[in-house]
Amino acid sequence: MVKRLSHLLVPLIAIILGLAAGALIMLVSGYSVASGYSALWNGIFGEIYYVGETIRQITPYILSGLAVAFAFRTGLFNIGVEGQLLVGWTAAVWVGTAFDGPAYIHLPLALITAAAAGGLWGFIPGILKARFYVHEVIVTIMMNYIALHMTNYIISNVLTDHQDKTGKIHESASLRSPFLEQITDYSRLHLGIIVALLAAVIMWFIINKSTKGFELRAVGFNQHASQYAGMSVRKNIMTSMLISGAFAGLAGAMEGLGTFEYAAVKGAFTGVGFDGIAVALLGGNTAVGVVLAACLLGGLKIGALNMPIESGVPSEVVDIVIAIIILFVASSYAIRFVMGKLKKKGAN
């Protein structure tokens, strides 16, 4: 119970310290802390449109966070979520633009294709790790760049005739919901949030309730003991990266089938995959934690857009707040050390 409480307190303390640091930066820079954070709040909850946009931003964050968290829980570091997301995005749009058909066939097929593409892209570093002991961090980082340039080539040379972006996907493959758009003052909120929450339930079930999840966690904790117990270390490493990549591919589908409904040539990474690392760390690599952390980061990202408009505070202040929060979460040992000292002092 005490350990679980500690896991909850560390992120909360990190959030408070991050917000305090943001307030200090605003004060030093000559801005009003009250108006700055008021603008941030209004940018999230001030209008129903902003609420819709916040939930829309949360959706890919949940899935990219799950991708990172799943790998972390099984002893692997998937830094290639950004690349897997781009591959999934392109694959989903390819299916979405290739043909028209019944929505109950077309949309699931596009989602499955995105998950399969992301999973395959994650499987490559998985098999290199399992068979040739190549460290997954190096491979996944390099594969991000391969994915960026490969998907750009496919968009401009395969999906289009030397165009910078594809046409709009068919309505039968779209995650857009007229009902959700209408009730949120025509924001870009779409049905992807349901997919993301279902994915969180699936991760929770696999990790905590299935035999395969126990094997994956055991291999991540101690490969030698797992092999001695009869588990296939190689198979579990590849399976873990496959599932992690599938979550990332779905994150790309949320953008391709929901937010934008097309794929475009990109000059740089989207950042959603890298933000997934922050989401996973802040969420303690648990399914519920990832959902909550995605809500926080998604809210901060959308709310920050309103800060320069309403209060004149640069939106970059929120980037600093997020960075400090992650810094404190990553250095959670220091927070636990201080908490332990305070507890001992209180006992005396």
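Backbone N, Cα and C atoms are what each Cβ position is placed from, and that goes for glycine too.
It should be emphasised that the depicted structure is a prediction, and the values quoted were computed from it without experimental measurement.
Per Swiss-Prot, the features are:
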type	residues	note
TRANSMEM	8-28	transmembrane segment
TRANSMEM	61-81	transmembrane segment
TRANSMEM	85-105	transmembrane segment
TRANSMEM	107-127	transmembrane segment
TRANSMEM	136-156	transmembrane segment
TRANSMEM	189-209	transmembrane segment
TRANSMEM	237-257	transmembrane segment
TRANSMEM	277-297	transmembrane segment
TRANSMEM	320-340	transmembrane segment
Applying the under-8 angstroms CB criterion, which one of 61-81, 107-127, 136-156, 189-209 scores highest with the transmembrane segment (277-297)?
61-81
Under 8 Å for C-beta pairs, could you tell me which stretch among 61-81, 136-156, 189-209, 237-257 has the largest tally with the transmembrane segment (107-127)?
237-257
Short question: most Cβ pairs under 8 Å with the transmembrane segment (237-257), which of 8-28, 61-81, 85-105, 136-156, 189-209?
61-81
Non-local residues, at least 6 beyond the ends, that sit with Cβ under 8 Å of the transmembrane segment (85-105):
60, 64, 111, 113-118, 120-121, 147-148, 150-151, 154-155, 159, 166-174, 248-253, 255-257, 261-263, 266, 269-270, 272-273
